[in-house]
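Asks: Sending over a structure as structure tokens; questions will come in a sec.
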Amino acid sequence: MSAEMSWIVQGGTNIRNQEFKKMGKSTASALHFDSLVKEIGGFGRFQLITCSLWVLFFGLAGWQYYITVYLITEMDHWCQIPAFTHFNVSTLKHFAIPMEKNRFGNEIFSKCHMYDYNYTDLGNNRTFVRVENMTTVPCKTWSYDTSVFKSSLISQFDLVCERRWMFTLVGTLFLAGNMIGSFASGFLADRFGRKPVAAVLVLILSMSVIAGAVVHNFPAFLVFRFLVGATINGAYQTLWSYILETMPIEKRSLAIFITMAGRVFKGITFVLAAFFIRNHVHLQITSGVVILVPFISILLLPESPRWLIVKGRLQEAELVCKRIAKINNTKLSPTFSLEKVTMDDQEVNSSSKMPTVLDLFRTPRLRKHSIITWLAWGALVFSAYGMQLNIGKIIPGDFYLN
């Protein structure tokens, strides 16, 4: 379930109460959780800490959304000819590589073919003439231009010529993981809690990134890349739900504004790292290690009190609320208790049928909000990924500044 879907499901109390009344659910309560949030400090120091954690998480773990284009960046390449190692690149291409036209009609040196010379004999002959219209043969191995990037998946696994299509699998598997993680994380977080699920997902994310960096098998790398996509989006949704559940309704728009700083932080920190780390393996390892910083921060958080109340664990929820109130420098009443707290979430969960994604379509208002949110979010994501994954292709200019 996406963060936007969570907003609809967990969002404004008025909308939810009206909808559940239409569905035959009573929302009368002595004290609603959204009122309880105000009682324990509203938007205070604790809420600022959770927003800061989100900025830290998305600013560092979010590198994985940008790193794909650096992993599969195209590197100029040509046939590798061991007998010509004593030649510079220009001389080698002049004698051994045929010319061909690219898709724009410009003549360039071939990236996949070379002249069919006896290169062992020619390597010992320092004076020979290039023969035009000579038979060409496909490359067996390649040399790469390392003037901009020291390495990439293209050079590591020779994803060129007949294997060129395979580089698209890196982004495809990552996005497929995103989709699976979005749905799976919601069910896991509802069952096992926001904090443990977020922590485990972030830890798996870090380990998957590092494992993908050190494997020497392309299919194995794709498996780890799928796990990266699933865990980063799963952690994203779970942490976002956590923030909304501990945030006063009237301050949720402010929370969104603050957390968007994570996108800026992500762009600045990743580009700086990529600029100085031109080796794709070292860049991946670095991006996996920095994820451990938000992982440790998540371990210091309490469980979501809203989730604890829904699960009937009122004693634990009461301790968490007191801890939040203390952080917010709010003095609670000596008689503070959660015994009278009831929530519409409890009422829904106590029914014979557990809520599902289909509940977002049960009433006209929820149906309208769901469809509009999905369409708007879909358009935003497609345009964002379209630009991010095509830097250096459809977007001219400096690779790092763009």
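Residue numbering: from 1, along the chain as shown.
Every residue, even glycine, has its Cβ placed from backbone N, Cα and C.
Copying in the features that TrEMBL gives for the protein in this structure:
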- 119-402: domain 'Major facilitator superfamily (MFS) profile' (DOMAIN)
- 46-66: transmembrane segment (TRANSMEM)
- 165-189: transmembrane segment (TRANSMEM)
- 196-216: transmembrane segment (TRANSMEM)
- 222-242: transmembrane segment (TRANSMEM)
- 254-277: transmembrane segment (TRANSMEM)
- 283-301: transmembrane segment (TRANSMEM)
- 371-391: transmembrane segment (TRANSMEM)
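Help me picture where these features are in the structure shown.
Replies: Long-range Cβ contacts of the transmembrane segment (46-66) within its own chain (Cβ-Cβ under 8 Å, at least 6 residues beyond either end) map to 174, 202, 205, 209, 228-229, 232, 235-236, 239-240, 242-243, 246-248, 251, 255, 258-259, 261-263, 265-267, 269-271, 273-274, 287, 290-291, 293-294, 297-298, 301, 324, 327-328, 388.
Tertiary neighbourhood of the transmembrane segment (196-216): same-chain residues 57, 61, 64, 181, 185, 188-189, 224-225, 227-228, 231-232, 234-235, 238-239, 242, 281, 284-285, 287-289, 291-292, 294-295, 298-299, 303, selected by CB-CB distance under 8 Å and a gap of 6+ residues from either end.
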Asks: Give residue numbers and ranges for long-range contacts of the transmembrane segment (222-242): same chain, 6 or more residues beyond its ends, CB-CB under 8 A.
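Replies: For the transmembrane segment (222-242), the nonlocal Cβ contacts are 1-3, 6, 10, 50, 53-54, 57-58, 61-62, 64-65, 169-170, 173-182, 184-186, 188-189, 194-195, 197-198, 201-202, 204-205, 208-209, 211-212, 215, 298, 301, 304.
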Asks: Mark yes when the transmembrane segment (283-301) and the transmembrane segment (254-277) have three or more Cβ pairs under 8 Å (sequence separation 6 or more) and no when they do not.
Replies: yes
Asks: Restricting to the domain 'Major facilitator superfamily (MFS) profile' (119-402), report the mean pLDDT as a whole number.
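Replies: Average per-residue pLDDT within the domain 'Major facilitator superfamily (MFS) profile' (119-402): 84.
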